[in-house]
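Notes for the one structure printed next.
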Amino acid sequence: MLATDSDPIVAIATASGRGGIGVVRLSLGRAGEAAARALSDALCGARLMPRHASYVPFLDGAGEPLDRGIALYFPAPHSYTGEHVIELQGHGGPIVLQLLLQRCLDAGRAHGLRLAEPGEFTRRAFLNDKLDLAQAEAVADLIEASTEAAARSAGRSLDGAFSRDIHALVDDVIALRMLVEATLDFPEEEIDFLEAADARGKLAHIRERLAHVLGDARQGALLREGLSVVLAGQPNVGKSSLLNALAGAELAIVTPIAGTTRDKVAQTIQIEGIPLHIIDTAGLRETEDEVEKIGIARTWGEIERADVVLHLLDARSGLGPGDEAIAARFPDGVPVVRVLNKTDLTGAPASVTRTGGGAARADVCEVRLSAKRGDGIDLLRGELLRIAGWQAGAESVYLARERHLIALRAAQAHLARAAEHAEQNAQALDLFAEELRLAQERLNSITGEFTSDDLLGVIFSRFCIGK
């Protein structure tokens, strides 16, 4: 534990700006009950009763009221952080909150009270076993959720749904490890522990459950991160019109003049709760205009970072030499949707054709639509969801992060190797046991049983101050 993890800390816990209510939160660490009594007297002029709401004045150093509000005292360990906690709930003006914060620091100086770092309250909740690491991350995800679906999924993670699934997997792996260790520890016995206990069947069951958890986690990661979708193509094929149609608002300027869009225009929309970060880019062509060249260079940068590329073509001319040259530069591994726009000028109906694209672009499809009239926009939305791998109506989804997916995939790989060793019977039992141990270690890293201080620092530094 870091030396600073036991310092008394204080921070404004509500968002900056004006509001009806503002909260200053103190977690008293090693200073404990003595500091709670002293600060209650100094700040509120009264001894606060545990778990009672007291309407009191908040006093300055001269004993004059700065504000009046609700004071709450939660003795350890029955608090958010597991330490003695005081919350002062007053009016949400930025000046009065800063005055109250400074008053807390002055009154608590003798106890070593300092300003909290970002995420430090939740870090202490984790260190004091009030939350595991996945639940702690869910606190930040709930605050930052950009859609209702993301908020509900973060709530499920905070409630422990993700952690319970991980703990169940770990328990199963531990039980299987015990069987393997028993066989290794008693090689002279004629009993085949693995065969008698159906170890291979148990391993198959664990792998099946892990695949299900990974599927839910992928869905949750989609809700959290969303999908970056770049509109690319030659000038004047309707990229800005398509952005406006997808967003349902006039965000980009649309003119018949080629090269109108010289820099990216970005907008986040929602489809079934998934944030789609749509990026309209400069038209791709040879040009001598220096400003347009900069925009085109930025377009290729956005394409390199995209999750999906929408390659727009004019439905009247289809795929021409210029379009083929553009398509040849798209990075491998990035799904490309070929969008033939302006079907209102050809009379062709809106449609979807799944074309495939080889191993590198297995999700490639072709959508014919009219961004101007809105024909086929729903078809395009459906294809984006399909490419993302979204399964509508998934009630068990919990929000997940990239580090969770990495750990789950690593555990999956270790269990796959364990299955290979299990087929070799006694000749590879030690390797079987080691792969199970490594799988358990990767699963435990999700909930924080085996986690370095460096990783904790990165995770909690991304929280807001006061949480």
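Using N, Cα and C of the backbone, Cβ positions are placed for all residues, glycine too.
Listed in Swiss-Prot:
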BINDING   ARG25, GLU87, LYS130, LYS467  (6S)-5-formyl-5,6,7,8-tetrahydrofolate binding site
BINDING   236-241, 255-261, 280-283  GTP binding site
BINDING   ASN236, THR255, ILE257, THR260  K(+) binding site
BINDING   SER240, THR261  Mg(2+) binding site
DOMAIN    226-389  domain 'TrmE-type G'
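Under the three-state DSSP scheme, SER240 (Mg(2+) binding site) falls in the helix class. Here ALA282 (GTP binding site) is positioned 51 angstrom away from GLU87 ((6S)-5-formyl-5,6,7,8-tetrahydrofolate binding site), judged by their C-alpha atoms. Classification of ALA282 (GTP binding site) by DSSP places it in coil, neither helical nor stranded. Spatial neighbours are here defined as Cα atoms within 10 angstroms of one another, and by that definition LYS130 ((6S)-5-formyl-5,6,7,8-tetrahydrofolate binding site) has no neighbours among the binding-site residues ASN236, LYS239, SER240, ALA282. Look at LYS130 ((6S)-5-formyl-5,6,7,8-tetrahydrofolate binding site): DSSP puts it in coil. Around the Cβ of LYS130 ((6S)-5-formyl-5,6,7,8-tetrahydrofolate binding site), a 10 Å sphere holds 18 further Cβ atoms from the protein chains shown. Rounded to a whole number, the C-alpha distance linking SER240 (Mg(2+) binding site) with ARG25 ((6S)-5-formyl-5,6,7,8-tetrahydrofolate binding site) is 47 angstrom. Each of the binding-site residues ARG25, ASN236, LYS239, SER240 was scored by other CB atoms within 10 A of its CB, and the lowest score goes to ASN236. Looking only at the binding-site residues GLU87, ALA282, the densest Cβ neighbourhood within 10 Å occurs at ALA282.
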